[in-house]
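Chemist: Before anything else, here's the structure in question.
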Amino acid sequence: MLIGGILAFLSSRKSTMFHVLPSSVSVWKIFAEKSSYEPESRSSTVAASGKVLVPGSQSGSSSSSTEQLEVADTVPENSLASTDVDSSEMEHASQIKAENGDVEPASGLKGNFEELDFVSSLQLEEGGKLKESKTLDTSEETIIDESARVRKRGIPPPGLGRKIYEIDPLLTNHRQHLDYRFSEYKKMREAIDKYEGGLEAFSRGYEKMGFTRSATGITYREWAPGAKWAALIGDFNNWNPNADVMTRNEFGVWEIFLPNNVDGSPAIPHGSRVKIRMDTPSGVKDSIPAWIKFSVQPPGEIPYNGIYYDPPEEEKYVFQHPRPKKPKSLRIYESHIGMSSPEPKINSYVNFRDEVLPRIKKLGYNAVQIMAIQEHSYYASFGYHVTNFFAPSSRFGTPDDLKSLIDKAHELGIVVLMDIVHSHASNNTLDGLNMFDGTDSCYFHSGSRGYHWMWDSRLFNYGHWEVLRYLLSNARWWLDEFKFDGFRFDGVTSMMYTHHGLSVAFTGNYNEYFGFATDVDAVVYLMLVNDLIHGLFPDAITIGEDVSGMPTFCIPVQDGGVGFDYRLHMAIADKWIELLKKRDEDWRVGDIVHTLTNRRWSEKCVSYAESHDQALVGDKTIAFWLMDKDMYDFMALDRPSTPLIDRGIALHKMIRLITMGLGGEGYLNFMGNEFGHPEWIDFPRAEQHLPDGQVIPGNNFSYDKCRRRFDLGDADYLRYHGLQEFDQAMQHLEERYEFMTSEHQYISRKDEGDRMIVFERGDLVFVFNFHWTNSYSDYRIGCLKPGKYKVVLDSDDPLFGGFGRIDHNAEYFTFEGWYDDRPSSFMVYAPSRTAVVYALVDKDQEVAVEE
């Protein structure tokens, strides 16, 4: 979650002001953009719809039994929250499960989901041990059948949750808290099994709640316990609140059934506007349905409108390409659709698909992480103040346009991750969930616990049954309906602690992670959602944005962990900014190495030198810290360089490479940073007046700094091009040697006097000279394996904007004798401010090349 820059704007902005766009920008024009993408493998593919959605236009049984866990009779002192489920909520769940069995799921499968058999993929061996049954290779099946296959998958039982004590014996000192945490998770799993038929069925809440269509009509359900009266209104009934009054059950779920028209057409036309009008404790209000699948802000209007999105079958996008295999190592290109054009405008899903995805593929990244997908009425929130959790942002196009983008990425072999926000919700009361039913406790904690004072947003009550249904179903929706391959969960630190990580300096003391400040409800939710994702989509990837470094974060849930695949190594970017504020003489190579390697054993990390956070107004990118205003005048190759530019280009490459080389098992780059983007990010905004009288100047709603100048990186007459070429070479080097996931990693030299860092990862030897003037001839470096080495990457290569001081044809032969605690060594030339990677030459490869 961005914690600087635009937060100064967000923290003071009133909820009714979160959605003002300049009148000159029409979000409706996006829908007129015709999709041109046709998957190559099948000519009959239905293209993404170019239809303009004009307002008013007509157009099972429980899962396998769980193992028993011995839990202390008393609640541990160091646990703050409990996931005890109120008996009325259990009755509510049972009622939701049992009622209205005649409604068909929106997916088109016959019968309601309670009637489907729950098929477990787990079978019993002799002796009662569980084994996983053999499943079909998904590459032999069509992507169209995937949803049906997912419904039949079983989610493994909770297990014992005790392996964490074998992995880290120090955790036994906090066993009371951790056992309690696991017992609460297990208790919730058992309750969901009992009252909802298991996590698989529970996570299909969108087939019961919101709008669902059957052969006979449309059913609309909404959980709004605080409302005293409710009616569905929209274009379809001329906004008449008396036409379609809803009925309420004892658990606060409102419902109405709209039969088909006499001609068989649905009562609500596709693309028409809808809202729910409620009489609430705060007065009568119109709200966008909480489970809405699409919402749009019409030109010249402030509020968004919920859109009933259910295109005819011939207009729906049909996926053609199966998901890529889960990559061994992640090389993530962090992206924002809206600002992904060189032009000062809001870009579209279609343009990103056709213009940016091929760029990502060429650069060598194997995953794209897309921000700001969930609808957010305030553009400058970067997508983090979500108003409509199930709706893809309409600024960029239609839901079908987004599907075509993801399908194209899969065709290119690129994994698509979504930056999902379940840590908080927009404070907006017009368009979002805040005060949805007129109370502050619907979906959120009431009072101060439900409000994030820094982010000016609402905080979910993760212990409530309907909140769990909503958020778990939301995660399932994006994976199943849109074929995302996983998530980067935003703001996880804020979720896991009641202090939200604010004004807290985590030192690594275990008491900081397992105590009264831990929000057990939230941690249990994270365990449940990871269970769900990995159970139904075994190749899906989950990354948690956690600055605290909580132990067990990236350990499977069944072993007692939180269940994420990766944690973002957030301290690295902060360390680089800290160093860039100092002189080169004050850098300490030992400090750099410690920060890069300071992560928990067996828990994988995604490292990055800079992300979108560092690119915001109020902060600086690494390129700007290094080269500042000289970037505007001295980046052309036909002009003399400056010492500042020379230093900046050299260190920019070294910082990225050493971050990838030592920082973790995955790597992330924010789009444009691969070539040192010269401009910060400044969203279009107006002047703001804070309550204390302070005035924050606006930018006259300009998009000039809300774009990515890819043309600069492509221009071979600019020095940006060399930085981009180096990034591409760096990604392809990792693809070839897979050094980020190699088990072998050894740091042989951290020389403060020479400013040298030497380390091995896999069969590669990395040599970094951070000295600002000294170059070293015949510099001896240690290595594990004897033989002949060659240069495979050189930051000083003229192609990358360097000075060409390394001979790439040279061969480096090892000689015996221990050096730097290594059994072999060889001699190299190490120019100042240069990083060189050497690879052991495989004898078979060498013979093949000579032949």
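Quick reminder: no glycine exception, Cβ is built from N, Cα and C everywhere.
Annotation comment: TrEMBL describes ASP490 as active site, nucleophile. Per TrEMBL, the feature active site, proton donor maps to GLU545. TrEMBL lists 56-65 with the feature compositional bias 'Low complexity'. Annotation source TrEMBL lists compositional bias 'Polar residues' at 76-85. For 347-707, the entry in TrEMBL reads domain 'Glycosyl hydrolase family 13 catalytic'. Per TrEMBL, the feature region 'Disordered' maps to 42-109.
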Chemist: So how many other Cβ atoms are close to ASP490 (active site, nucleophile), meaning within 10 Å of its Cβ?
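Modeler: A 10 Å sphere around the Cβ of ASP490 (active site, nucleophile) contains 24 other Cβ atoms.
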Chemist: Expressed to the nearest Å, what is the distance separating GLU545 (active site, proton donor) and ASP490 (active site, nucleophile) at their Cα atoms?
Modeler: 5
Chemist: Can you tell me how many other Cβ atoms are located within 10 Å of the Cβ belonging to the residue listed as 'active site, proton donor'?
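Modeler: Excluding its own Cβ, the residue listed as 'active site, proton donor' sees 21 Cβ atoms within 10 Å.
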Chemist: Which whole-number mean pLDDT does the model give the domain 'Glycosyl hydrolase family 13 catalytic' (347-707)?
Modeler: 95
